[in-house]
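First up is the structure itself, then whatever we jot down about it.
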Amino acid sequence: MLLFGLLVAGVADGCDLVPRHLRGRRASGSAGAAASPSAAAAGERQALLTDPCMSLSPPCFTEEDRFSLEALQTIHKQMDDDKDGGIEVDESDEFIREDMKYKDATNKHSHLHREDKHITVEDLWKQWKTSEVHNWTLEDTLQWLIEFVELPQYEKNFRDNNVKGTTLPRIAVHETSFMISQLKISDRSHRQKLQLKALDVVLFGPLTRPPHNWMKDFILTISIVIGVGGCWFAYTQNKTSKEHVAKMMKDLESLQTAEQSLMDLQERLEKAQEENRTVAVEKQNLERKMMDEINYAKEEACRLRELREGAECELSRRQYAEQELEQVRMALKKAEKEFELRSSWSVPDALQKWLQLTHEVEVQYYNIKRQNAEMQLAIAKDEAEKIKKKRSTVFGTLHVAHSSSLDEVDHKILEAKKALSELTTCLRERLFRWQQIEKICGFQIAHNSGLPSLTSSLYSDHSWVVMPRVSIPPYPIAGGVDDLDEDTPPIVPQFPGTVAKPAGSLARSSSLCRSRRSIVPSSPQSQRAQLPAHAPLAAHPRHPHHPQHPQHSLPSPDPDILSVSSCPALYRNEEEEEAIYFTAEKQWEVPDTASECDSLNSSSGRKPSPPSSLEMYQTLSSRKISRDELSLEDSSRGESPVTADVSRGSPECVGLTETKSMIFSPASRVYNGILEKSCSMHQLSSGIPVPHPRHTSCSSAGNDSKPVQEASNVSRVSSIPHDLCHNGEKSKKPSKIKSLFKKKSK
């Protein structure tokens, strides 16, 4: 087509068909040569000048070029708003943005104008003739229709009408007759879309696709994979964190339930203490009222006695005597009832204070446990609140999911829950135990004057350094006495002891319930001191020439109070020191009876202690007790040695001697950095109570001497020869403390 146009242009030049600016020159030059042209040639030249196709460069000769020129003229009119024959930059920009609906028209605008700021129809025609779209074939047009316009359903219509690149200007101006009748595009939206696409390629050239960038595709694929993986990981971590948080909330709820139960128990404890105080006040009122009635009965009896003495008539005296007797009987019945109430639990008055002191010390330990449990609870709540605050943000959720804080908080919550459950169990057990003790004893323990008052009243007679239990916990020492030989100071203090109760007080006591602290093994010297006058002194051949040193036994009332004694130590020779052995019979590990520290260290895996002599005596029946009394009475009348009394005693008495013959191993403890050793040192107490039947009637006055005899018999049974205590121990090796005591005596 281009070659054909050039040939036509050359023929036109040969036929004097030249442009207007050359045509004027040629006409002026040929005016003198040809003065009279023919009329036919002049008419033909005038027709060429009036035809617009011939006035353009390159000219148009075909019908398609004429249709294209008309379409371009229509487009030029649409773009030329001011009708000045040229398209300015503003007009083209407005047309591109409003009519063609392009938002970013920079590239299109520069491609249309290039260097020309004023575009005429001739410029538009030249641009179209030199465009690549003008030379499109049918296949190129169909490819443009399918790929860019995306209307493949009209491919057959384009092929039937042989739509090529030269036909696109007609489509660009939306020629209705051509698009509907020939191309058969009835859909208005399709016609509008096809018009815009055709106008785009006519004005701006063919659309070009950028080269396919495989690197971008690879990066995009990797990004998609990473994004999907990250979303899946975040989903799983969020799900896991939600499960952890749900579990943690469940633990918190259980923790709150335990805390509420603890508060309820504390309220019950306060109510019980208030009831105990009320009961104590009522009891005091009843006792006061009873004493008033008894005093009134006594006064009435005295008045009747005076009336009987002052009466002259024997009958009146008898009546007065009967009335007095009746009053005395009533007073006696009341006194017997009161005596039964008071004698049902015949314990020393100091026991109530000691039990109150024990209760207060236990309450202090409970308060420490409670403070620790509350501290653990507060820490767990703070950690849970921190995790809740962190989960409010996206990065906080990821941080919580990746870190181990959830496991740590879960562990802390479980520890706090465990501590609260242990505290609740301890509180219930303590309440029940002290209620049972108060019920059995019959006096108040939980309601007392306080720990300072009890301590000052109980330890006022001794020069002891009182240290509270709560401030410094005990530190148990692993190992036995042999491990402490190198750390033991060369001087072992001997504590002053309390004198055992006389036999009369033992006889009047009707209860066998005594504190374990009062049962302290007595020394052989104290046994010999309590022997009767007829007892042979040859029972101790190993100490013939040494004076009898009185030994004192001191029951430690408090295992955590360090006692400092000013009593001088006892001096023994080498023969006496050889008799000191620290052994234990069979598998029993007997703790020190003067210390209660074993109860604090019971979790270290110690074996249970053997039964004491008091527990042995409590298991006796009433018939065995009566048989023991008879045997002890018979032995007290005879002149046989002490060994005969032991042989004639009951098997329970033999068990008692075997129990008393055991040598207790010392229990070593470290308290506040100071080593405190409490050694038994053969300090066996002779004040073991012997059970005897309690007499409820006061009429039998002839039995007053019997308890005295029984007490003396008990002292005789307890004073067993020293050799019998060591028959089973001569083959055992002494410990290292023996050598230490030898060095001290030297």
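Yeah, the Cβs are placed from backbone N, Cα and C, and that goes for glycine too.
Listed features, source Swiss-Prot:
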BINDING   Asp80, Asp82, Asp84, Glu91  Ca(2+) binding site
COMPBIAS  540-549  compositional bias 'Basic residues'
COMPBIAS  733-746  compositional bias 'Basic residues'
DOMAIN    136-204  domain 'SAM'
MOD_RES   Ser28  phosphoserine
MOD_RES   Ser523  phosphoserine
MOD_RES   Ser609  phosphoserine
MOD_RES   Ser621  phosphoserine
MOD_RES   Ser640  phosphoserine
MOD_RES   Ser650  phosphoserine
MOD_RES   Ser661  phosphoserine
MOD_RES   Ser665  phosphoserine
MOD_RES   Ser680  phosphoserine
MOD_RES   Ser697  phosphoserine
REGION    490-562  region 'Disordered'
REGION    592-651  region 'Disordered'
REGION    684-746  region 'Disordered'
SIGNAL    1-14  signal peptide
TOPO_DOM  15-218  topological domain 'Extracellular'
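Here Glu91 (Ca(2+) binding site) comes close to Met79, Asp80, Asp81, Asp82: these same-chain residues lie at least six apart in sequence, with C-beta atoms under 8 angstroms from its C-beta. Cβ proximity to the Ca(2+) site centre (mean Cβ of Asp80, Asp82, Asp84, Glu91, cutoff 8 Å) flags the following additional same-chain residues: Met79, Asp81, Lys83, Gly85, Gly86, Ile87, Glu88.
The 10 Å shell around the Cβ of Asp82 (Ca(2+) binding site) contains 10 further Cβ atoms across the protein chains shown. Around Asp84 (Ca(2+) binding site), no same-chain residue at least 6 positions away in sequence has a Cβ under 8 Å from its Cβ. DSSP classifies Asp84 (Ca(2+) binding site) as coil under the three-state reduction.
According to DSSP, the secondary structure content of the domain 'SAM' (136-204) in residues is 53 helix, 0 strand, 16 coil. The Cβ of Asp80 (Ca(2+) binding site) has 19 neighbouring Cβ atoms from other residues within 10 Å, across all protein chains displayed.
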